[in-house]
Each structure stands twice: as structure tokens, then as C-alpha cells.
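Scroll down for the structure; my scribbles are underneath it.
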Amino acid sequence: MLCPWACLIMAIGISALILGLWPMHLIWTYYCIIRTRMVGPVVKLLLLVAATVILILWLIVGIPGSVLAGLLYGFLAPIMATFDAVGEGKENTFVHCFVDGTWSTITGSCTVVRDLKDMLFHSYFSIMDDLRLQTPCGKPYEIRLLDIPGALLSAACGLILDVIMFTLIAIYKCPVMLFKGWKRLIQDLIGREGPFLETACVPFAGLAILLWPFAVLGAVLASILSSIPLGLFGAVVAYQESSVVMGLSYAVSSVSIFDEYTNDVLDMAPGSCFPRLKYRKQKNEDSSHGGQLSKPGSFDKENQEGKKPLNRVTSFKNSMDEFNPFKMLDHLFAECKRQGEVLVNEGVITMKDIQETKSGKVGSGVLNVGLPAYVILNALLRSAKSNSNGLILSKFT
């Protein structure tokens, strides 16, 4: 009963706003783009074309969208109000099931129209004024037209190469993922580990064994799809470096990166047989062609393990071996225990807090939330005062 009225309010209100303000939006958008000093002439021309397309689509999509939004809101808002009517603390729930969600749905429709009016009439013009009046810190943003053909060439070559090579690599390693996955699931089934730990989950875990080939097929398709953005990114590299050779080098290197990553995921031999070329002119880039990746100080300051620079190894997985999260958690729990004993002696943590945590009741959260937060805050302050590269969890370590 309320759906047609809410739909009528939102459809008429939103459509009137879109049609009434569209000429102002068109004129003011063109004016702000032409007068802005943030971008150069070529970018202004592209922005004018893009703004024209967006404004036309706004007319085409906005008016039918207002009708659809009104139908959905008018139908769903009373239903959700009915759920609230039978909630806890409600008296005469039978009456509330009919009363709640009636007038509130009508007023909510008006609120949606009013909020959209504020956004289209105030927020939009404010954003465009910021674009028009803002001054660039250096040179205005501009597109180098001479680098566009090389970027397009790099994108085309990278797309063709990456799609073909990613597909071949995925198909080649598909049997490895299939049999290793089955082996791991069967081992978990025999040892009652992983998804087979709980008895209620055994049927679902058994279903996972049967459906594992479909998961492998999905991984292959995901690998093929991921080759598209990675191949097209060669255009970005070629444009940034003003070099077609760098863009093509990235396309070749992305194959090596993907091969190395899949080896790590499937626990195969680390590294890749494909070449890893240099695709950045800067010397201190984060790409993996020579150089080292320094790691900040370790969380375990006792052994000073984090003071050694972490050599860039061939495998992505091996570069994470030096950081042990379980060791960090052990120190965190030990510090929570030490700080907790101090706070108990000072009377900050009471017996009531301990009993609430043991019973699992939703209490004040002093032990399960407050104490770890207090320990982490002290660790951050302690690390900041000592100007440490890592995190000093305790002053006694």
C-alpha cells in the first residue's frame, strides 16, 4: 500500500531535481573545467568530453533509477519496520506491525529527496568551485602526446604476451594444484585437522574434496583474467618512463613475477625460469631486479634479530621467513600478563572484571579489550620515545 506513494514521491522529486539542475550543471561544469589552472589544454579537452558523457548518462540513468529506488525503498522500508516492531521491549507488537513503517516511510522518502537536493545544489557546486579556484603547486597536469603511441604499443604487446603466458603457466601448474590440494585435504581428513576438526564440518569438508577440481578451474580462470590488467599496466610504465623498451620489459617481467608467485603458492621450487628485466630507470625502486629490501627492527628486541638487513631473495615467501608473528604474540601475551598483575595490585582490574571474562558474559571488556589496548598503547609510546625502528613491547626485553 505504501510502495506506490513512496515511489511517486521519490520519482517526481528526484526527476525534478535532475531535470531542473541539469542545465546549470552542464554550464558550470564546462566553465570550471575551462577556467581551472590544475590541468593543461589536452587534459581539459579530455575532461570536457568525459563530463559530457557523464552528464548525458546522468539523465539516462538518473530518472529510471529514481523510479526503481522509490519502488525498492517503498517496499523494503515497511518490511524492515515490521521486524523492528516485534523486537525486544516493544508492547502491543500486533498494533506496531501495522503502524510502524507507515508515516516513517513517507517522511523517509522526502528525506531522500532533500538529501539529494543538498548534494546536487550545494555539494556539487562547492566541489567544482574548488577545482576552479585551486592553484597547482608546480606545473599543471598535462598529457605527453608523444608518449601515447608508445604506451599503446606496450599495452598491446603486454596484453598479448601476458594472456598467452599466464594461460600456459596456469594450465601447466593446474595438475600440481589439483593433486596437492587433494593430498592436503585427505591428510586433514585422516588426521582430523583443518576443516575436518569439528564433526559437524566433516560433510562440508568432504564436499570440498569432491568440488576441489572446480576450485582449481576457478584459479586458472582467475589467473587468465589477472593477465589483462597486468598486461595493460605496461602502458602506464611506458608512459611514466617515456620509454617503450621499459614498457615491454615490464610485460616480460610480469610473467616472471607471476611464475614466481605461483611457485610460492603451490610450494614448488622458488624462483622462475623466465627473465626478470629492469623496467624502471630509478635506482632505488622496489622491483626485484637487484638491490636489497631493508626490514625495520624486529619486534623481539632481546635478540636484536631485526637489525640485519633482509636480503632480497628470489622467492616472495622466503622474504617473510625472518618475521615470526607467533613470537610477537608470545611477547604480547607475556606483557599483558605482567601489566595485568600490576593493574590487579593497583585495583584497576577488579574481581568482577575477571569473573565476567571467565563466564563469557558481555561485560565492560576490561580484560579482553582494555588490557591489550593498554599494552599496545604503552608499546607505541615507548617505541616513539626511544626512536626505535621496531615495536618495543616491554621495557624489560
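A Cβ is built for glycine as well, from the same backbone N, Cα and C atoms used for every other residue.
The transmembrane segment annotation in TrEMBL covers 6-33, 45-76, 151-174, 195-214. Look at TrEMBL and you will find 282-311 tagged as region 'Disordered'. Annotated compositional bias 'Basic and acidic residues' per TrEMBL: 298-308, in sequence order.
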Residue numbers, six or more beyond the limits of the transmembrane segment (45-76), whose CB comes under 8 Å of its CB atoms: 2-11, 13-15, 18-19, 22, 25-26, 29-30, 33-34, 39, 105, 108-109, 112, 143
Positions whose Cβ lies under 8 angstroms from the transmembrane segment (6-33), at least six residues beyond its ends: 44, 47-48, 51, 55, 58-59, 62-63, 65-67, 69-71, 73-74, 77, 105-106, 108-110, 112-113, 116-117, 120-121, 124-125, 128-129, 131-132
